[in-house]
Amino acid sequence: MQQDRVHTAERADFFGLRGLRLKIAMVVLTVLPSFLLFGYNNGSMGPITNLESFAKQFPRIDVVTTKGEEKSYNALILGIVVACYNLGCISGALSTIAYGNVFGRLRSIGIGLVLSLIGLAVETSSYSLGQLIVGRLLVGGSIGILSASIPVWQTECATTKHRGAFVIMEGIFISAGITFPNWISFGTFPALHGSTQWRVTMVLPAVLAICALPFLFWMPESPRWLMLKGRVNDARNVIAAIMDKPQDHENVSAEVAHIQSQLELTTGNVKSFFTRRPERPLHRALIAFAAQSMTQWNGCSAMISYTGIVFADLGFEGTQGHLLGAGFTTTFTVAAILPLFLVDRVGRRKLFLVAAFGVCVSMAVLAGTAGRSEYAPVALTFMFLYAVSYAIGFLGLPFLYASEIAPIRLRVPISAISVTGQWLGQFVVGQITPPGLTNLGSRYWIIWAVFNASFIPIIYFFFPETNGRSLEDIDELFESSGTLNVVSNARKWNSSWQAEDVQSANQHKGSSMTEIEEA
């Protein structure tokens, strides 16, 4: 009777949800709107900058009605304005190093959502270029905070068996968010007039932040952060709710003990990156940084931002070009569903390798076919193959992987450093792509084919498999390995773990049969 009352009391937390229903609520009420917000703001400036109403409001970045040297100069200023978003993202991500472990995961997410509302208000109400720049910086800062905080929260709350699928959903939401501005502009621009066209497009994502904010008060905090702060009972309550078991269940107690033992073994702060330590923080930070940097140094920003130019060179302009562009970005979203079913079955490394190979081949073919209308079917095929390949391994997977390989005390700093690699890459690629396409034409895509070819050996030799193991097991892997043998050790560990799992399953089956016979 007492146990029933305890179990009923536990159900009162987190909307009264537990287990799978609680995880779904976490994704739908927090992760979904936050990463739609992320994707939306990544793609919102593309459709807007070609509007005459936008050019009229900000003549210094008018590339619609100007020509010649004036257009070139304005394009340079426009590039800087657009890039301010990426600089804001870098600043926002790095800021979490200062307060991520102090305030906790949920409060950090809340800071990002509130800042996004402020930034969107400033951006949408802009009547001067300076105000627009400030708005872009603030919005970028908010997205940087969210991109560094949410993957850590999800990873630390997830159970080992379904951690990959639980976190990799972020890729679906990001790509869906990127497609929204394209479809919204396609459907609303003809019906709206003047500055309303671009102001409506800018302000719409505020709805996402407003929807996500209230639910944070009822979401479970990361049990690992709670234990980091000595709040063991609160952590036990969260773990029990996520597992959908009583607090005194042996699995809950084992998880608490496992986390506690690893906390006692690990120490450190940001200074730890520059000292030799058993948990190898610098090694792990570099892997996380590389994983996130690959999301941009495979040419993604160049491909998404300048699809209009590529389609125009192939003979598709006007409505045809707009539809192809929207269809291209939508392909990322549809294809991002594939790793949801594969990541916990085939593992992280294989998805990374398949994605790098597919993107490399696509870029190589585009280098020989883009800009030549007679090869339009081939170029289009490989553009969409690029989208599928990218979605398989470079959308949500880097967020998951970077959070998995980081030790608990340094998970926030490593997550922040890793996403900085993404935003820095997006900034640089955004700056070099316009002159690259102008001077090299379709040969520009060769650069990205070479980059992607180089990713394959990096992933193969330096990215250990993390599938199927707890975050604390991954800590033990790095503590017992060197830079050059962590991948081979992971293979050995996986083989021994699989053997243990089979033995455990057989023992459980045997004990069950014995109980049946005795009964």
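Cβ from N, Cα, C; glycine included.
As the structure is a computational prediction, the values presented were derived from the model and not from experiment.
As annotated by TrEMBL, domain 'Major facilitator superfamily (MFS) profile' applies to 27-467.
For 20-40 (among others), the entry in TrEMBL reads transmembrane segment.
Residues annotated as transmembrane segment in TrEMBL: 75-97 (among others). Long-range Cβ contacts of the transmembrane segment (75-97) within its own chain (Cβ-Cβ under 8 Å, at least 6 residues beyond either end) map to 41, 45, 49, 60-61, 63, 108, 112, 115, 119, 129, 132-133, 136-145, 147-149, 270, 412-413, 415-417, 419-420, 423-424, 426-427, 430-431, 434.
According to TrEMBL, the transmembrane segment annotation covers 109-127 (among others).
Residues annotated as transmembrane segment in TrEMBL: 133-153 (among others).
Here the transmembrane segment (165-186) has Cβ contacts under 8 Å with residues 23, 27, 31-32, 34-44, 46-48, 150-151, 154-155, 158-159, 201, 204-205, 304, 322-323, 325-326, 329-330, 332-333, 336-337, 339-341, 343-344, 391, 395-397, 399-400, 403 of the same chain, all six or more residues outside its ends. Summarising the annotation, TrEMBL assigns transmembrane segment to 165-186 (among others).
According to TrEMBL, the transmembrane segment annotation covers 198-219 (among others).
Away from its own ends, the transmembrane segment (286-311) comes close to residues 43, 46, 178, 317, 320-321, 324-325, 328-329, 352, 356, 359, 363, 366, 370, 379, 383, 386, 390, 394-395, 397-399, 401-402, 405-406, 414-415, 417-422, 424-426, 428-430, 433-434, 436-437, 444-445, 447-448, 451-452, 455, 458, 462-463 of its chain (Cβ-Cβ under 8 Å, at least six residues beyond either end). Sequence annotations record features per position, and here TrEMBL assigns transmembrane segment to 286-311 (among others).
Marked as transmembrane segment by TrEMBL: 323-343 (among others). Long-range contacts of the transmembrane segment (323-343) within the same chain: residues 43, 164-165, 168-169, 171-172, 175-176, 178-179, 182-183, 186, 304, 307-308, 311, 316, 351, 380, 383-384, 387-388, 390-393, 395-397, 400, 467, each at least 6 residues beyond the stretch ends and with a Cβ under 8 Å from a Cβ of the stretch.
The transmembrane segment annotation in TrEMBL covers 350-369 (among others). Listed by sequence, the residues of this chain that lie at least six past the ends of the transmembrane segment (350-369) yet keep a Cβ under 8 A from its Cβ atoms are 291, 294, 298-299, 310, 339, 342-343, 375, 378-379, 382-383, 385-386, 388-390, 392-394, 397, 401, 442-446, 448-449, 452-453, 455-456, 459-460, 463.
Per TrEMBL, transmembrane segment is recorded for 375-400 (among others).
Per TrEMBL, transmembrane segment is recorded for 412-432 (among others). If one looks beyond the transmembrane segment (412-432) by at least 6 residues along the same chain, the residues whose Cβ comes under 8 Å of a Cβ in the stretch are 79, 82-83, 86-87, 89-90, 93-97, 100-101, 108, 140, 144, 147-149, 151-152, 270, 273, 281, 284-285, 288-293, 295-297, 299-302, 305, 398-399, 402-403, 405-406.
Marked as transmembrane segment by TrEMBL: 444-463 (among others). Same-chain residues lying 6 or more positions outside the transmembrane segment (444-463) and placing a CB less than 8 Å from one of its CB atoms are 287, 290-291, 294, 297-299, 302, 348-349, 352-353, 356-357, 359-361, 363-364, 366-367, 370, 401, 433, 436-437, 483-484, 486-487.
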When you scan the chain for residues with a C-beta under 8 Å from the transmembrane segment (109-127), skipping those not six or more beyond its ends, what do you find?
-> 30, 34, 37, 41, 57-58, 88, 92, 99, 103, 134-146, 149-150, 153, 199, 202-203, 205-206, 209-210, 212-213, 216
Verify whether three or more Cβ pairs under 8 angstroms connect the transmembrane segment (198-219) with the transmembrane segment (133-153), leaving out any pair fewer than 6 apart in sequence.
-> no
